[in-house]
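**Q** Relevant sequence annotations retrieved from TrEMBL are reproduced here:
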TRANSMEM  15-33  transmembrane segment
TRANSMEM  40-56  transmembrane segment
TRANSMEM  62-81  transmembrane segment
DOMAIN    232-521  domain 'ComEC/Rec2-related protein'
TRANSMEM  253-282  transmembrane segment
TRANSMEM  294-314  transmembrane segment
TRANSMEM  319-337  transmembrane segment
TRANSMEM  343-376  transmembrane segment
TRANSMEM  402-425  transmembrane segment
TRANSMEM  431-451  transmembrane segment
TRANSMEM  500-518  transmembrane segment
TRANSMEM  525-542  transmembrane segment
Amino acid sequence: MQKIADILEKEKSRLFSWVPVLFGTGIGIYFALPVEPSRWLTLGIIELLLVLAYVVRLRPALLKIVLVLGIMVAGFANIQLRTLYLEKNLPVPPSGKMYLRGQVISADTNYRGRPRIVFGNMENLSGDKIKGRYRLTLLGKEPVPDVGQCVELVAEVSPLMKANLPNGYQPDRKLFFDGLNGSGYVLSGVFEIDCPRPLGFWTVKINQWRKNVSAMIAEQLPSQQAAVAAAIVTGNRDLMTPRQVENYRDSGLAHFLSISGLHMSMIAGLMFFLVRLIMAMIPALSLRYNSKKAAAVLAIFVSIVYLAISGAAVPTQRAFIMTFVVLLAVLFERQAISMRVLALAAMIILVISPQMLISISFQLSFAAVTALVAFYERCGHRLERFLSGEKGSLAGKICRGIFAYLAGIVVADLVASLATLPFAVYHFNRIAAYTSFANLAAGPIIGLMIMPAVLLSLLTIPLGMSWLPLKLAGFGIGLVNQLTEYVSGLPHAAVEFYSFPLWGLLLITYGGVWLCLWQQKWRHWGWILIIAGSLSLFTVKVPDIIAADNGETVAVKGEDGKLHVLSGGNRWMKRNWLEKYASSDAAEAEETERPSLPDVDFVRDIGIAVWGDEVKTVRDYIGNRSWNK
């Protein structure tokens, strides 16, 4: 025990970094439970820990153990309170046709390119209030109503879709925490009515601004360039064709289409650099004011504007919080990029939105950034020594700088790719084989051409000069489009994998965290967990039979060891199954191969997977929770 205490003493600067890990562990335990826990039990545990903390207050070792448990329970209680609030305000909707009168909260498109709206502030035909929000897909050719507009319509509404496979994706859980409690299709026309409760002034203005910017982009650039430009400026991906999206995904550049840490940090960083450059050129300003703090303040302001114009999606909000914390560190003259700052950003996000822990955007972002910070803490000084050398000719220094920049892109991409690989395999069941090459080629175009031009186009909108930098951004986007088309067409550009079992992903995650957060030699213990978790991939077995949708959607294991779907049934379910078991290229099974299904209640059990004599149901997997009633 004394040896561990000595090591912890040496690691005391890292202890704060473990706070969001412990807090997140509590959140994870909540999601892992098969039934909804009693709020009174949680309250009792909190009271017990408070009593224990008082009893052991004079024994530091025991007090630290109680503190660790307390942080975990705090995370558990936080997500439980969030769930209780949503459960009260998101009742399960009745199934069937409904007349609805309400307000358009947001609008986007589904994976088939069909427009859909999030409908809130609703009333039925009798004028009774309807709690919650429904996501409705428009099937006709009528124009999509504007955000904030009030309309009336007839829709086919049903409860949220549940998981359709044991250990599969749970769409109802995600949509529940997005504030939705129903989904469906619009069966009638969409007719505008007066709004009894109009949206706020700034909400209307921002949405109108986003619409105007999207129209300006579409007017100034060719269609394929405009589609990507709109995606990275306003967050609107409606203009992108399925082929474009597939090219970006298979080339490893899909992250460029989703406004996240890459875009927010570049916009803030470019504004920070621009302000400091301008102030350095004006001695009266640079001598009187702290240029670094002024640049940080203006970078925060531009980040807020970019957050608003991008639509403030959840990944963008998370990226803004991380960027804001970094710039705040600059304002208070602290180290901008460190594990402590990263931990603070993670803690803020988990306190405000604890459900973000299980989102792919949160996992990918923090896995990549944590690994990069840990890597550069260990190896960054070597790069700094290499760049700070004063000997050699000017040409040599320039060459050395170019080499360091390119090497930095390769190394950063390699570290980030390795850190995010397990999560990509778990959630997407595929990896882009040439992602390092694509990022190396696209990195300079994105960082030196596209994002600076995007920033300048936004800054020059009031002057009516935005078309000029927008053309430059469009040229760069055209180059990236050509790159993605080339890379995605290479042999084996996208490699399919079985999905990791959850326990394997958890071992890799905790092993990676242990490796990155600690600084002493015992950090290498993390490799044991990482290796053990990686080997879990070999425990995955393709089911002999999968069935859901009242037995209408069925897949069987073929002699080639892959999953083969039968004709008919739900296409989205079948695609989901094939991707999970790396069988997207498998041919459709013959109708003669349709198996006899076990005697199960599909209304209760939802779906089944069969391995020999073992039958697992979806209900056993998802349990009975607030979001899947």
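Quick reminder: no glycine exception, Cβ is built from N, Cα and C everywhere.
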**Q** If you count every Cβ pair below 8 Å, which range out of 40-56, 62-81, 525-542 shares the most with the transmembrane segment (15-33)?
**A** 62-81
**Q** In the same chain, who gets a Cβ under 8 Å from the transmembrane segment (40-56) while lying at least 6 residues past its ends?
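**A** For the transmembrane segment (40-56), the nonlocal Cβ contacts are 62-63, 66-67, 69-70, 73, 76-77, 80.
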**Q** Who are the long-range neighbours of the transmembrane segment (525-542) in its own chain, taking Cβ under 8 Å and residues 6 or more past its ends?
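**A** That would be 422, 425, 497-501, 503-516, 518, 557, 561-563, 581, 583, 611.
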**Q** Any idea what the model's mean pLDDT is for the domain 'ComEC/Rec2-related protein' (232-521)?
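**A** Value for the domain 'ComEC/Rec2-related protein' (232-521), mean pLDDT as a whole number: 86.
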